[in-house]
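Trainee: Quick one: structure below, then a few questions.
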Amino acid sequence: MERLWGLFQRAQQLSPRSSQTVYQRVEGPRKGHLEEEEEDGEEGAETLAHFCPMELRGPEPLGSRPRQPNLIPWAAAGRRAAPYLVLTALLIFTGAFLLGYVAFRGSCQACGDSVLVVSEDVNYEPDLDFHQGRLYWSDLQAMFLQFLGEGRLEDTIRQTSLRERVAGSAGMAALTQDIRAALSRQKLDHVWTDTHYVGLQFPDPAHPNTLHWVDEAGKVGEQLPLEDPDVYCPYSAIGNVTGELVYAHYGRPEDLQDLRARGVDPVGRLLLVRVGVISFAQKVTNAQDFGAQGVLIYPEPADFSQDPPKPSLSSQQAVYGHVHLGTGDPYTPGFPSFNQTQFPPVASSGLPSIPAQPISADIASRLLRKLKGPVAPQEWQGSLLGSPYHLGPGPRLRLVVNNHRTSTPINNIFGCIEGRSEPDHYVVIGAQRDAWGPGAAKSAVGTAILLELVRTFSSMVSNGFRPRRSLLFISWDGGDFGSVGSTEWLEGYLSVLHLKAVVYVSLDNAVLGDDKFHAKTSPLLTSLIESVLKQVDSPNHSGQTLYEQVVFTNPSWDAEVIRPLPMDSSAYSFTAFVGVPAVEFSFMEDDQAYPFLHTKEDTYENLHKVLQGRLPAVAQAVAQLAGQLLIRLSHDRLLPLDFGRYGDVVLRHIGNLNEFSGDLKARGLTLQWVYSARGDYIRAAEKLRQEIYSSEERDERLTRMYNVRIMRVEFYFLSQYVSPADSPFRHIFMGRGDHTLGALLDHLRLLRSNSSGTPGATSSTGFQESRFRRQLALLTWTLQGAANALSGDVWNIDNNF
């Protein structure tokens, strides 16, 4: 110890003056950070007086004060106290290190949450100058609400609904120019348009679609009037069919199975089905699968609100809807429809081979009166007749469909606010612009909200807000033909978007009522939606947030709110095709369908009457929801996506598989590997959480690495074992095809209905063991691949699969 003390004294004698590290506050672009610099001697004294959070001093250097006459007593005392001095210095150093670490970590804890970067500062002052200092979550929220309140949502909805905007029309071309000019006026970083040349189907004015009675001798008789020749089903098969009429409820598979079980076979017949529950495309596909000749689709008055003060759909009005079971241009499946692109001579497998035509309630009433046969089940009954509905069969009908295909240019409009730290990661929000009729609820509301959000965020940027990630605002064309504009864009940039798009928010069908709120979304966004619902006031329950309104009727908020993404949503392709989490939220009318959707009666006036004057408040609530989602997704340091949520999704689906464990065991099959893959995913998600929690928050390289892993979770659930050209919707939970969990479950159910009932049966219509083994293997390896990818680098993967 004496020798150590001597060396320490000699080192001090060799140091001519003291040197210490000073941390000083930095102004300008790095304001709020600490900067390290070396200060020597007296030059550092003034700085230390200004800001020195911690100062460690050893013994004073020799020569720094007048020499003492006698150092021997001091040296002797020093030798006796040396162990204590060293121990004290070590304790001070350790304490200072821990204090400094905590202080450094704490300086970024304004967020109050390990996955939040926008601070939850509850002490916000309303008249804060946004140009001064750091913007906390409450600052951004107040800024957003301040600028959003200055908009003219209702007037934009009214004006947009008055304009003709069928895809490819002159009116749509004029609206496209106006909206692009509106984006340009907001001084965004980038504004541009892309054009696609797509195949759209329209009625032939010279040869309208027709419906006739046919007598027993096969002679065509009286024509049934189709009141509006403009109402049709895009992508219906062309031609004419004749068959007996059968009533098939909503045209779901279970409806058709029930029909067959009651002795009425759909094969070779025309089906009369009701609007609603599933899409037109699904109705026609199901009818085709059950051998029907054609489909007539009508709006059943019993399915809509019977509240006298509210308007109802005219009994002479038919409902428009495309019948392509897919999205995008069905004549270029899997390929973008840019000009001069060469396409293979193949059409989408989702195009039907049977014709379909919408009819009004009045025509349906005439048809239902002619039906004989068994009485329909009670839940199939409607309000068109004074007597019960029958299943049929009824008289023969002849349906003629003469729609024609036209190559049509469509235009998507883009506006971008570039991000500050991660400009190559995009938070995307879009709304359909086109409409077959007035389209007030269908697309005018979404277009108005999109334009208002562009204006609001542009104003926020002018007042100091700079998002971490880029915001991409898009106005889609061709939406009424099956999200054609959005899907073609995704197909054109597929190799880029799954790496760069963080989330997609859809504003389509946002206001269809004001009683119920539904969010059709990916599981990754469920927790974020819950958080944002707590920040937005209910438009029709004063003093309550939307979250409080929801849990008042059902404590299980997600069971009340969350729904799967439907194929007829523009958000569907983002998730099922590209692997980007997406959400589309809607206010509904007390679980009753909005009666005017996809009709010529979807006007501003009818929408206003249905909402009884609350349209501005509900549209404002949607804008607040969307805007606060955008702030969180574009500004948070760590993406607020709940990557662990898919573990619960897998568990729920495994519960459905367990029902068949006994049947599988009898055939020597097991679900063990599915359980193992889920376990690996859960462990990988928890490991990532722990890594994030224990990491240095100011390390931008680590932050970006974590964000990349988080934002690609949805992509991990796209099956890598099927071709995007053959099976574009590769998502194993939300997609369509033999690779999905739904297809595997449907196949398993054949075990119970397999006529042979013996292991190894290979009936083409029954359970096929070889096919099931392949389905199970591909599904399991997709799950395992997701777990491995979430684990990070290959040397971090720890499983015994």
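Note that Cβ sites are derived from N, Cα and C of the backbone, with glycine treated the same way.
According to Swiss-Prot, the topological domain 'Cytoplasmic' annotation covers 1-83. Look at Swiss-Prot and you will find 16-45 tagged as region 'Disordered'. The motif 'Endocytosis signal' feature in Swiss-Prot is assigned to 23-26. Annotation comment: Swiss-Prot describes 35-45 as compositional bias 'Acidic residues'. The transmembrane segment annotation in Swiss-Prot covers 84-104. Marked as topological domain 'Extracellular' by Swiss-Prot on the basis of sequence analysis: 105-801. Residues or ranges marked as N-linked glycosylation site in Swiss-Prot: Asn240, Asn339, Asn540, Asn754.
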Trainee: In terms of DSSP three-state secondary structure, what is the assignment for Asn240 (N-linked glycosylation site)?
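Mentor: Assignment for Asn240 (N-linked glycosylation site) reads strand.
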Trainee: Reported as an integer number of Å, what is the Cα distance between Asn540 (N-linked glycosylation site) and Asn240 (N-linked glycosylation site)?
Mentor: 50
Trainee: Report, as a single number, how many Cβ atoms besides its own are within 10 Å of the Cβ of Asn540 (N-linked glycosylation site).
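Mentor: The answer is 16 other Cβ atoms.
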Trainee: Using all protein chains in view, find how many other C-beta atoms are within 10 Å of the C-beta of Asn240 (N-linked glycosylation site).
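Mentor: A count of 15.
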Trainee: Check Asn540 (N-linked glycosylation site) against DSSP and tell me helix, strand or coil, would you?
Mentor: coil
